[in-house]
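Novice: Relevant sequence annotations retrieved from Swiss-Prot are reproduced here:
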BINDING   Asp183, Glu209, Glu235  Mg(2+) binding site
ACT_SITE  His185  active site, proton donor
SITE      Asp258  site 'Increases basicity of active site His'
ACT_SITE  His285  active site, proton acceptor
SITE      Glu310  site 'Transition state stabilizer'
REGION    361-382  region 'Disordered'
Amino acid sequence: MKITRLTTYHAAPRWLFLKVETDEGITGWGEPVIEGRARSVEAAVHELAGYVVGKDPARINDLWQTLYRAGFYRGGAILMSAIAGIDQALWDIKGKALGVPVYELLGGLVRDRMKTYRWVGGDRPGAIIQQITDYRALGFDTFKFNGTEEMKLIDSARAVDAAVVKVAEIRGAFGNTIDFGIDFHGRVGAPMAKALLRELEPFKPLFVEEPVLAEQAEYYPRLAASTSIPLAAGERMFSRFEFKNVLCAGGIGMVQPDLSHAGGITECVKIAAMAEAYDVGFAPHCPLGPIALAACLHVDFVSHNAVLQEQSIGIHYNEGADLLDYVVNKDDFHCVDGSIAALPKPGLGVEIDEEMLKRANENPPDWRNPVWRHSDGSIAEW
């Protein structure tokens, strides 16, 4: 079998799909994208196509190493996302060719279902409480929400109090009947992160995500020493080499690589194993589409330290299309009591409606993340 062609499709709300074709008629799907930089990743995918067209798709490890090492300059968000999407598609092809789900190729199941959590939006406690109430009725008991809006490097007691009041109201509304993570989203600098963690500790969040930006990873062990709240990070780390440094330094209780940003299945299986060796949980970041979610689930199902899976089915920011709109076999992704069962179909287990994708690609989205500014006019982290 040889790879013959790579085709990309843009689709609302902010996704890029990749179809990899072979001379035997077996196709694989991947999702290589950086939110807000889809065209940059698309260009990288087609630039890398020359390394894979004409090659045997079954040699996934060799192709991955070629894509990563054949360029003198390597790594980074764009290239690793391009590699990720190609890698996902190669695993999809191999599973379909052999008639088994990808998790069987990775050694088989360590669990039968994977616990997922719901992201809930809004900055007012009442809006978040209502969303949690609605999702609890569907069987979910674990959630995540943003901890704060933009925050200055050194900010006021009012800013801290606003974040604390929101969390206090949510915990007060539900008691310990729910768990929640709080996402700082890299909006908080190290000085304020320490203050916020101290004030939030009485409300027992399940974790705090991106307490500081990945560029400030040296603060993770210092912040961890100041709190009992588990810290999570990794959505803006793109290879096992970045995770190596963080794991060796300590401080992180949960790693969150993105299967569409951090080199795909091949790389993230290694990251999960590295984390397990350090007694660190694995909870892939996934605010993206169905192929990214499927890739995450296959790694979750073979990783003993996988603790939670993010997913964006029905989430408020999926404007123009929802996660399962491009999927034929929607029932395979059905959540029961907040968990998704092992995907039964060969490969990644996603049947894509390509005709719908083609129509979506005729009117491609141009999503970009908001640009925030502080009151003095300086740029703020979103």
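Any Cβ shown, glycine's included, is placed from N, Cα and C.
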Novice: Determine the minimum-neighbour residue: among Asp183, Glu235, Asp258, Glu310, listed as recorded positions, which Cβ has the fewest other Cβ atoms within 10 angstroms?
Specialist: Asp183
Novice: Could you state the whole-number distance in Å separating the C-alpha atoms of Asp183 (Mg(2+) binding site) and Glu310 (site 'Transition state stabilizer')?
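Specialist: Answer for this pair: 12 Å between alpha carbons.
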Novice: Out of His185, His285, which of these active-site residues shows the lowest number of other CB atoms within 10 Å of its CB?
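Specialist: The active-site residues His185, His285 were compared, and His185 has the fewest Cβ atoms within 10 Å.
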Novice: If you run through the region 'Disordered' (361-382) with DSSP, how many residues end up as helix, strand and coil?
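Specialist: Each residue of the region 'Disordered' (361-382) counted once, the result is 1 helix, 4 strand, 17 coil.
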Novice: Distance between Glu209 (Mg(2+) binding site) and His185 (active site, proton donor) at the Cα atoms, whole Å?
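Specialist: Cα-Cα, rounded: 7 Å.
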Novice: Whole-number answer please: how many Å between the C-alpha atoms of Asp258 (site 'Increases basicity of active site His') and the residue listed as 'active site, proton acceptor'?
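Specialist: The residue listed as 'active site, proton acceptor' has its Cα 5 Å from the Cα of Asp258 (site 'Increases basicity of active site His').
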